[in-house]
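Read through the structure below, which is laid out as structure tokens, and then see the notes.
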Amino acid sequence: MFRALAVASVALGPRSAGRARTMASHQLLVPPPEALRKPLSVPNRLLLGPGPSNLTPRVMAAGGLQMIGHTHKEMFQIMDDIKQGIQYVFQTKNPLTLAISGSGHSALEAALFNVLEPGDSFLVGANGIWGLRAADIGERIGAHVHTMVKGPGGHYTLQEVEEGLVQHKPALLFLTHGESSSGVLQPLNGYGELCHRYKCLLLVDSVASLGGAPIYMDQQGIDILYSGSQKVLNAPPGTSLISFSDKARNKIYARKTRPCSFYLDVKCLANLWGCEDKPRIYHHTTPIVSLYSLRESLATMAEQGLESSWRQHREAAAYLHGRLQALGLQLFVKDPAVRLPTITTVAMPAGYNGKDIVSYIMDHFDIEIAGGLGPSAGKVLRIGLLGCNATWENVDRVIEALKEALQRCPRNKL
Ligand SMILES: *Cc1c(COP(=O)(O)O)cnc(C)c1O
Ligand SMILES: *[C@@H]1O[C@H](CO)[C@@H](O)[C@H](O)[C@H]1NC(C)=O
């Protein structure tokens with residue numbers, strides 16, 4: 001490398017030699033890293049944690065396709081396909097429906113940055129980590145954040161929500177449909193209607209539940225719904241899905257202040273995604289290859305059909321729950337009606353360190369499961385059955401692994 005530079009300075013004429021000399025006076029301080037000389041190595045692992053999930057062969061094939069430009073007509077067609085796919089999986093007719101160039105968090109930020117203005121009252125259901133994150137982002141915006149904190153495992157009744165609406169008169173309520181840190185499925189029937197009676201918009205996180213448990217955006221009166229690509233959809237992380245009702249759209253378009261993020265400004269994104277009848281103009285380069293993959297994962301879901309996917313997850317989860325209980329383990333969420341089918345939380349078996357169990361299963365079976373997160377840390381083990389891997393065969397595999405881990409991992413005498 002260094003020799004080659006010196007030779008070049010001799011071979012070039014006097015003018016470029018001067019430039020080459022200056023270049024040579026700045027020698028490379030950082031050599032090419034040894035690590036990058038080795039071929040890329042990625043293990044083939046069964047991902048049964050809370051996400052990401054394994055990719056289907058169809059999604060992987062999409063990820064290996066050649067680049068096109070982000071403004072080519074074929075790309076606009078792919079984006080239109082994605083919009084229709086999102087409208088299907090969300091069960092919405094909202095024109096303001098698009099994919100965000102970023103993981104689930106960026107969809108949450110897109111929702112909050114655009115819908116909330118400084119000083120708005122923001123009511124948050126915080127029964128796990130996601131509500132705490134929403135509250136954190138709300139505070140950064142300068143909203144008046146009111147958290148309804150509950151221990152992990154809890155959910156919100158209509159009555160509790162109504163009390164919050166009466167007390168805090170929020171412009172926006174945040175609820176998590178699939179609380180993946182605690183394993184709770186938040187009921188959603190009636191919540192939208194209730195919010196609207198109090199002039200409040202309803203924002204729902206369905207990152208962990210979409211495709212695995214029923215959700216009907218329009219019929220349930222959800223104003224802003226978002227989800228991610230790397231859970232039930234079996235696509236790579238890095239894109240997320242979002243849709244805004246007319247009510248939410250009106251609040252955004254009536255803002256007095258501009259959203260603090262340019263990248264996530266929904267007005268710009270609406271144009272980029274062809275949600276309005278105007279020519280699309282450059283805003284940012286979309287993650288083209290990730291969008292191919294997202295399209296294919298939505299196409300897979302459309303082919304299978306939502307109802308069939310919901311049934312698959314419900315049945316696989318019921319089988320998992322039965323086998324866990326047969327091992328003598330306790331499900332963390334007591335009420336079967338609010339157990340999240342996609343991600344099951346197991347109460348940490350007494351005397352064990354969750355990290356030992358998770359590592360044992362990784363090291364001996366090449367299967368990923370997870371411990372708790374945020375408020376559920378140390379309290380649970382989490383097993384995800386997401387999309388194509390929500391099968392009885394995988395339940396058998398993870399149960400076998402768990403059984404052996406419980407025999408072999410150290411256990412403190414109680
Ligand atoms: C995974 C998850 C997220 C976060 O998504 P990222 O893609 O990691 O940003 C948000 N909400 C829920 C419920 C999740 O399970
Ligand atoms: C998990 O899903 C991936 C993608 O569909 C598949 O290739 C793999 O075989 C599945 N694993 C098992 C054990 O079912």
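Don't overthink the numbers, they just go from 1 along the chain as shown.
Note that Cβ sites are derived from N, Cα and C of the backbone, with glycine treated the same way.
Sequence annotations record features per position, and here TrEMBL assigns domain 'Aminotransferase class V' to 65-398.
In the three-state DSSP classification, K231 (N6-(pyridoxal phosphate)lysine) falls within coil. Other Cβ atoms within 10 Å of the Cβ of K231 (N6-(pyridoxal phosphate)lysine) number 28 in total over all chains. As annotated by TrEMBL, N6-(pyridoxal phosphate)lysine applies to K231.
Other Cβ atoms within 10 Å of the Cβ of R382 (substrate binding site), summed over all protein chains shown, number 26. Under the DSSP three-state reduction, R382 (substrate binding site) is assigned to strand. For R382, the entry in TrEMBL reads substrate binding site.
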* Asked: Tell me, what is the mean pLDDT of the domain 'Aminotransferase class V' (65-398)?
  -> 98
